[in-house]
Structure formats: C-alpha cells, structure tokens
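Peer 1: Just passing along the structure, written as structure tokens.
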Amino acid sequence: MTEFEEKLRQQHEASMHRELEALLATANKAEAEVSRKDFNGFKNLFHRFLQVKGPSVDWAKIKRPPEESVQPYDRIKAKGLPESITSCLNKLVVVKLNGGLGTSMGCKGPKSLISVRNENTFLDLTVQQIEHLNKTFNADVPLVLMNSFNTDEDTKKILQKYTHHRVKIHTFNQSRYPRINKESLLPIAKSMGMNGENTEAWYPPGHGDIYASFCNSGLLDKLLAEGREYIFVSNIDNLGATVDLFILHHLMSQPADKRCEFVMEVTDKTRADVKGGTLIQYEDHLRLLEIAQVPKAHVDEFKSVTKFKIFNTNNLWISLPAIKRLQENNSMDLEIIVNPKTLDGGLNVIQLETAVGAAIKSFKNAMGVNVPRSRFLPVKTSSDLLLVMSNLYSLDAGSLTMSKKREFPTTPHVKLGSSFTKVQDFLTRFENIPDMLELDHLTVSGDVTFGKNVSLKGTVIIIANHGDRIDIPAGAMLENKIVSGNLRILDH
C-alpha cells in the first residue's frame, strides 16, 4: 500500500470508530453491551474490507478438489449404522438459520412462519422432524435457531406452542451491523434505534456470523458443557435438510486424531444451480468459492456445469470444540462478501457479509460429501412452494420425500410469473394444487387461475397476454400443451 492509501485507510477507520462510539452513546446499558460485541466484529470486517483490493482469489491457483476430499454419499452409507445410534445423536445439535424475512414471497414476519404443507410452517416441520428423531431413538437432540433482529420477537412468540413437544429449543441472535454509506464509508444510522429514520440503517451480516454470535451468546459453552460435539447447520427453508444418521455416524466413528471437523454437503449442479457456491482446492486447502468472489472475466466459466460439477447445499456438519478453538484464537478467516444495496430513498449503501461455509478452510480434515439432490429442497419462491405443496412429495414426521409414484427422481422445472410471486396471490390462483406426478416443465405467465383437480404432464406452457385471462377448467388434463390467448369460464 502506498503511504497515501495507508493514511486514507487509517482515517476511514478512525472516523468509523468515532461514529460507532457516538451510536453506542445513544443506547441503554444492556443494549450497549450487546452492541459493543457486535461492533467489534464489524470493525474487524471493516478493517479487512479496507485492506483487500480486487478479487479475493487468484483464478490461476484454483484447482478441482482432489477425489478423496469429496466423498460420494453411497460410500458413507455403505458403512451402515451401529446397533445404537442414540449415543451419537446425544452429541448432536441441530442449528437452523432463521434470520430471514418472507418479504421476497410477499409475507410479513419471519420466513420460517410461512405455511408450506398442510398448514405446517417451516418451523413446524423442523420441530416435528427432531421430535420424531428423539422419540424413535430415545435421544435428546436440541434445536437451536439463529434469529436476527428482524425475526427474533415473532419467532419467540411462536415457540411457546412447542413447550410440550419432545424438543428443547434454544435461540440466539445474529449480530446487528450498520449499513455503510457507499460514498462516505460511514454508518447511515443516527442512533441505535431501529425505527423512524433508522429503519433501513441496520442489517444481519450473513450466516457467516454464526461463529461469533454463537460464542458471544454463551450458548456454545452451554452445549459443550452438556457433552455436545457437532452441530448440523442448515437453512430453515431447505426442506431436504434433515438429520442424516449415516453422515453423523461417519463423523463419530473417526479416530480422535483424524476427526473431521467440517463436512459440507454438496450435490450435482444442474442448470438451475449455476450461481451456487462450489468447493475448490486452493493453496492446499478445501475452500468455498462463491460467485461474488469470481473475477468478471471468469463468471461464465464458474457457471459451467462441466468445470465445477457440484455446489454447496449449505447443509454443514461442524465440530463444536473446533469452533470454540478457532474463535478463541481469532483464526477464522472468512472472505468478505460486499453486498451493494440501494435504499428506498435512492441512497447507495454497502453491507459487509460473510458465508458460514467459507470457514471450511480453517477446520482440520474438512471434506465434502456428495449427497443426493433430495437433501436440497429450498423454498425461495412461489414456484418452489408449488412443488412442495404438490403430490410430488409425501409428508412423514415432518420430512418430505419424493413420491414413489414418480418415475424419475428429478424435480420438474417450474417457472411461475409475477402474478404468483406473493404467497397470498399464489394461493388464490389455485383451487387446489394440480397433480404434477408426470410433469417435466411448467411455465405460467400472466393472469392465470387453476380449477380443482387439474393434472399437468410433460411440458406445459400457459401464457395469458396482457389484459387477457386464462382459467384452466376443473378436471382439465394438460399434457405437452401450450395454452395462450384468452380462456374464461363463466358460471351460467
């Protein structure tokens, strides 16, 4: 760095420090204590953000991960299970990332409270899965929710309904970081408040924050004291992320000196997953490569299904003692993701974030496991919601499995237009969910509604032009059809 750049960097850091202290002065004592811990993490991130220039990876050094570092799931499953898996389960904690809001699907409040199947929410299904596990194996697997300041209050209200279930539920909060004005590189918040002019001033800094906030919350120490050894972390909206006994047994059966501290479940990339992070070998370490880190000239190469064949499902198995060690030594090095946003008023801000999987390179004996696609069933859009509500899946003890009646295990490709984006609008457009057992591809665009007991097979494309409306009649069977124009069915 030139002397000029170094001085500028120090000046930015000093100004940021002053601003953060001024913000802390507006908080009450208890809030200031929590926020000071958050701000220490933020300052560390900001410091690294000012130092790092250009992409964080040198493209020429990227190699495919060696064969043995990504194991096929079948090889792990072939080991079978011990007589009793209960002692393994009692060393496990299930952690769900629950910081997200349902805004992208037109819902208010935490995304985990959206109904996805038979009136069950994401959270209901998670609790049912773990309760079933505890009952079946007479185990005591706790559930931990990582909330954010956006979801904490609403989630805690709902948790009361599970008090009589056989699951201990803990929560902790992700940090709260200040959004930075892109020009001045200073926080846009005027005080520690969260409403009024400060509504858009704060953000939860990505799920890579789990390590620090888990430690800061005191929950990590509490679970270690109970003899817990591994956490299974996944997104709460991934309905395929259930506890896998074979992976758990694989972890627990390693000799103590060869203990694998981090397993990332990956699965084969399809055209729909080209933006997903992938595992690479980089300077003798396994590493997660996210699209945000890829130099522009190589984005197409990154998206290719031939060079990078797998992507990260964000189902991770991580050693608790290892998290404690790395946090205490401050040796967890997560790449910074710079997320630019434009606020409602037009102000350009940046959010500094990290990803939970990026820590893989800091853990010992880390590996990937190439799991079946069924372990990755995220519900990000109403198109995903249609799939999981349909007869493609059957629900058993909170777990969704692909129906045996479907001849091929791949999921149909569904694209619903903007009239279906919001869950409320989506639900009013279906009298009930169509039969999709033999569907390959569905595209729907414009003002379209579906009557009762419609069945869709093969490739179906339904396009209502602007100003037109298409009502698919009750009992209709569409197989390899394109429907366009105008079709209205009126009661006489």
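Any Cβ shown, glycine's included, is placed from N, Cα and C.
Pulled the feature table from TrEMBL, pasting it below:
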- Lys111, Gln174, Gly206, Asp237, Lys380: UTP binding site (BINDING)
- His207: substrate binding site (BINDING)
Peer 1: Could you tell me the C-alpha distance between Asp237 (UTP binding site) and His207 (substrate binding site) in angstrom, no decimals?
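Peer 2: With the alpha carbons as reference points, the distance is 14 Å.
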Peer 1: Tell me the Cβ neighbour count for Asp237 (UTP binding site), meaning other Cβ atoms within 10 Å of its Cβ, over all protein chains shown.
Peer 2: 22
Peer 1: Could you measure between Lys380 (UTP binding site) and the residue listed as 'substrate binding site' for me? Cα positions, answer in whole angstrom.
Peer 2: 16
Peer 1: List the same-chain residues at least 6 positions away in sequence whose Cβ sits under 8 Å from the Cβ of Gln174 (UTP binding site), in sequence order, or say none.
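Peer 2: Set apart from Gln174 (UTP binding site) by at least 6 residues yet with Cβ under 8 Å, we have Gly99, Met146, Asn147, Ser148, Phe149, Pro204, Pro205, His207, Asp209, Ile210, Ser213.
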Peer 1: Please find, for Lys111, Gln174, Gly206, Asp237, Lys380 as listed binding UTP, the greatest distance between any two Cα atoms, in Å.
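Peer 2: Max span of the UTP binding residues, Cα based, is 21 Å.
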Peer 1: For Gly206 (UTP binding site), which residues in the same chain are close in space, meaning a Cβ under 8 Å from its Cβ, but six or more apart along the sequence?
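Peer 2: Correct list: Ile337, Asn339, Glu353, Thr354, Ala355.
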Peer 1: Which chain-mates of Lys111 (UTP binding site) that are at least 6 residues away have a CB under 8 A from its CB, listed by sequence?
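Peer 2: Non-local contacts for Lys111 (UTP binding site): Gly100, Leu101, Gly102, Met105, Phe122, Thr151, Ile236, Asp237.
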Peer 1: Could you check the binding-site residues His207, Lys380 and say which one's CB has the most other CB atoms within 10 Å?
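Peer 2: Per the Cβ count, the most surrounded site is His207.
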